[in-house]
Amino acid sequence: MPVGTEAIRKVDFLAGTGNRFVAEGKRQLFGEVGIDLFAGPTESLVLADETADPFTVATDLISQAGHGPDTPAVLITTCPKVGRETIEIVNKLLSATDLSTPDVAKVSWDAFGEVIIVDTLKELWELGDHYASEQVQVFTKDPRDALDKMSNYGALFLGENTCVSYGDKVIGKNHVLLTRTTARYTGGLWVGKYLKTCTYQEVTSPESSGKLGRLCGRAARPERFEAHARSGDLQANRHM
């Protein structure tokens, strides 16, 4: 696609999800063609208070850890009891024999799983924003508070009725999202990525062109761009 064939014209832009091999392909082709963004392994973050159900938290963390052996699955909670019970349930679920990816999920959880206890909801929102995770589930009494309290994430999943697996499979969530804290400064794939801006300049007034020419000379010479200055001088001498 990026180089074309005898039958297919070379493309100008590559977009879409993929594993680490797709990401490496994009990296190597960056500059040869445009790309949507560089995305790392899937990330899942759960923000929970004392109202959260530990079994639901554990189930959803494992569902995402099964994506690959390098998938971060993190719980931040204000409730130590929720944290402890989540860890216990995760370990039990990972020992189940009916999971299709238990070994993958266990490797991921052992290497990248985290359970963090904070004292207040304020700390919960702040630390969640600091993580800037790809997918953030909010299991709090008022999950919509996250819309006002947070700004760094790929996608929010509000309430225990909204699991990340829905986003993966059935509710049409954007699948090209930010990972590795890049949500701190940009957003995921959107329609603007498929558009480009073209501009043009035209000075229609000779007098204005002359005045701009004098200004151009004064701006260019201190920077030692004499050729720039002379281009402006030409217009100034012609029209002033």
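Cβ coordinates come from backbone N, Cα and C, glycine included.
Among the candidates Asp12, Asp129, Asp142, Asp168, the residue that Swiss-Prot annotates alongside Gln64, His67, His228 as binding Zn(2+) is Asp168. With a cut-off of 8 Å between CB atoms and residues at least 6 apart in sequence, the same chain places Pro41, Thr42, Val104, Ser108 near His67 (Zn(2+) binding site), listed in sequence order.
Take the CB of His228 (Zn(2+) binding site) and look out to 10 A: across all protein chains shown you find 15 other CB atoms.
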